[in-house]
Every structure is written in structure tokens, then in C-alpha cells.
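Written out below as C-alpha cells is the structure these notes cover.
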Amino acid sequence: MKPILPDYNSAGVLIIGDVMLDRYWYGPTGRISPEAPVPVVKVENNEERPGGAANVAMNIASLGGHAHIVGLTGMDEPAKVLTETLNSLKVKCDFVALPEYPTITKLRVMSRGQQLIRLDFEDKFENTDAEPVLSRMETALPSVKAVIMSDYAKGSLEHVQAYIQKARAANIPVFIDPKGADFERYRGATLLTPNMKEFEDVVGKVKSDQELVEKALALVEEFEFEALLVTRSENGMTLIRRGQEPFHLPTQAKEVYDVTGAGDTVISVLAASVAAGKSFEEACALANAAAGVVVGKLGTSTLSEIELAEAIHGSQDTDYGVISEQALIEAVKKARAKGEKVVMTNGCFDILHAGHVSYLNHAAELGDRLIVAVNTDESVKRLKGPGRPVNPTDRRMAVLAGLGAVDWVVPFSEDTPQRLISEVLPSLLVKGGDYKPEEIAGGKEVIAAGGEVRVLNFEDGCSTSEIINAIKGGKG
């Protein structure tokens, strides 16, 4: 199955669970300590990332969804860092601050790509009051279409049954990343995402696919779940539902560097996709593709909507289609080595019309390869105002990539593509409209590198704004 990306901007997701701050210290090791037989790390860099349930929220936001997170923290510096970081990513934070506890923090010391030690700063939350979380749920539920509960057994989900009942009473599906062998506490949830070890901790050793399906169905019946999605590492993932055939997906991972946070990514993409209107099968296929991307990254990682689109459409073949900036730069190098002339243009291309197609055909005729750089949704909104774009980035890029004239489609988030153009440095930069070559973003850089800048005419009578106005006016 090769699913189509949904509009994640329509996906509101509430995340409840164990929030953490992941800290990383990086540096070389060149000697052994004289005090003990351990390496000495000269710390040269550090990094802070939201982890646990906070990483789930960050994944939702990275996809373009609307994340609202509720969790327990201390009243300390890590809680402040978490809140500021998540707010900067447009995640709505609604933490319950408990002064007698520290915010869960994990410090990893890294050298040469290897983790040398992890230090955990935490106390399990116990005998907490459910009401502060329930009241926050009451406020959040009307604006979400899915609830994720991220359980790391740190105590934030001590009252998980009350939270499940609250969400289900509002007809909101509940997706749970479980911890531990007690699935009774998750009774009535919509879907659980245990990994193979977690699954076998509950049902015992599984020796075949058939046995996995039978034991999973027994759990679904016993605990009144709608489904289980068992993630099976190199064996992919299997969706088991009552009254339906099992749905299996092979792994899409090319290389595995770090599985930290992979479960967070699976449940994030799964729930956000369902919230955006996808079926369980389609949502699982998207989650499987996402997992294949993040295990190739180091540390707790998110992925963007663009990376997910590339994973689905096979971005390893960089001859054509939607492509990342780094992959584009490499593809352009290969094209130049073959003596191909690279042409580049840019625009919003919100509603593709005949004028756009004519313009792009003309641009393609001027060289061997045509790159189209596309403004992301936030960039379009800043340039065009409220109500734009009509079509989200992934859909605009998919339509452009389907045109025979276009070789590569790449997004950019700035107001102009000047930085991107200066990285790519095409042989020919073209722009449609009433411009002078020196006024075109990136033109100076292209000319300085020995390239050319040209202005092409748009076909008269074609305008995205006119099309939108006609639709609003009920014409045509």
C-alpha cells in the first residue's frame, strides 16, 4: 500500500503522558581518567530535545498537526526548557507542575556517535490527583479528533482508566503506547501499539505469525480494544482487529542507527493520520513509512511532512519527483556531471492552472532539467494573507511532480528562495511576470556563478486569485 498524505493541518491531537527532557553532551574521548578506568570526554557541544510524550507532541507539530499536551512536571529549569521549546514549535502546553517532583530528565554523554552513559533525573509520580488532568482534558477535547496516551511507567498515567473513559465518552479515539504487562489498565482504549517485546511480556513467547494473530485477537476481545498494532522491528508491523483480516506491513527502514523515539513516531503518525480522516490501514502504512525514516537518525527524532512524503514515494530515486534540499543538491551535481543544463523556477502554485502549465512547459524547454521550488504553507500565508494556501504543501508539490515538464520539486519555508537558489546555483534561473532580472531573488548569486537569469511571460487570463474569487462567487 502506498497511501496519500492527508492534510495534517486538520488534525487536532491531545497528548497525555510522561513528558521528559532529553539532554545530550557531545565531545571527543582521547584518554582514560587517572581517577578510574573510564574515558574522559571533553564536552564541546550540547543539545536539548523534548522526549517521551513531549516528543510525541513534537512529532505531531512537525507534521503540521495541532498538538495539545498535558503531563506532569516539576517546577524547575527543565520544565521551563520543555515549555519554551514546545511553544516555539506551536505545541500548546498544559502541564501540571508539582513542586515536590523533578521534571523527568535524561542526560546522555555521546562520543564518536556512541552513547557512553545515560544519567536519569527522576522520581516516579505517585498518589497524584487525577482532577487537574481531567479538567484540562475537558477544555481540550472539543478541539481534537484523537487522544494519545504515552506511557513510560513514570506515573503520569496513574489514573489512565479515568482518562480513557473521559475521552471515549466524548467519542474521541484513544491511542496508547503501553508500558508493562498489565493491559487491564488500558481497558476500553481504541488501539494499543506494543512492540514485540512488550507484546510477548503479556502473552508469552510467540513462535509464528498465526500465533501472534490469535494471541492479539484474544487481547482485543478480553480488554475491549478495537485493535492492536504490534511493531515488530525488522519484521515490520501487524494490525489486528476484531472481525477483520490481519494487515501486515514489512519494514521500510534502510539503515538503523538509533531506535530512540521510534515508538513515539509510530503512534504520532498513526493518530494524526486517523484524526485527519485516514482509515486504520492507511494510517498504519504512513506510520510504518515514518518509522523507517526516524530509525535512520541519531537520538530522539521527529520527521517532517516532506520527509514522510519522500518515504512514501521512494525518494531514494532522485531522478524525478518531490525531493529534499540536500538530495536536490546531490542530484544537481550528478546532472551537471552528465553535462545537463539545470533550469530553476519558484512560486506558490496554490491552484495549478493553464497559465502555470504553459509557463512550466516553456521553462523546461530551456534546459535538460527543471527544478520547481515551492513556498511552504507558512510562507504562502505570510505572502498571500489569511485563507491561503487553498492546497497544502504536499498536495501542491504532488501535482507539480506529476507534470511531464517538471523533474524535481523542493519546498522552501522563507519568504523568498534566495538561500535555496544560492545553494543549488542552477545554470538558468527563470521567473514569470513583470520583473527585471536583477530583481529576482537569487538572481545575483546565479549570475555571479556564471549562470543566466530570464523573465518569462505568463499566459494572459489565468490567475489563481481570479479562480478563487470565481469559486467564492459561485461562478463557473
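Even glycines carry a Cβ here, placed using N, Cα and C.
What Swiss-Prot records for 1-318 is region 'Ribokinase'. Taken from Swiss-Prot, the feature ATP binding site covers ASN195, MET196, LYS197, GLU198. The active site annotation in Swiss-Prot covers ASP264. Marked as region 'Cytidylyltransferase' by Swiss-Prot: 344-476.
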Sorted by sequence, non-ASN195, MET196, LYS197, GLU198 residues with Cβ within 8 Å of centre, ATP:
PRO194, PHE199, GLU200, ASP201, VAL230, THR231
Quick one: Cα separation, the residue listed as 'active site' versus ASN195 (ATP binding site), in Å?
11
What counts of helix, strand and coil residues does DSSP assign across the region 'Cytidylyltransferase' (344-476)?
54 helix, 26 strand, 53 coil
Should ASN195 (ATP binding site) be counted as helix, strand, or coil on the basis of DSSP?
strand
Close in space but at least six residues away in sequence, with Cβ under 8 Å from that of LYS197 (ATP binding site), the same-chain residues are none
For GLU198 (ATP binding site), which residues in the same chain are close in space, meaning a Cβ under 8 Å from its Cβ, but six or more apart along the sequence?
PRO178, LYS179, GLY180, ALA181
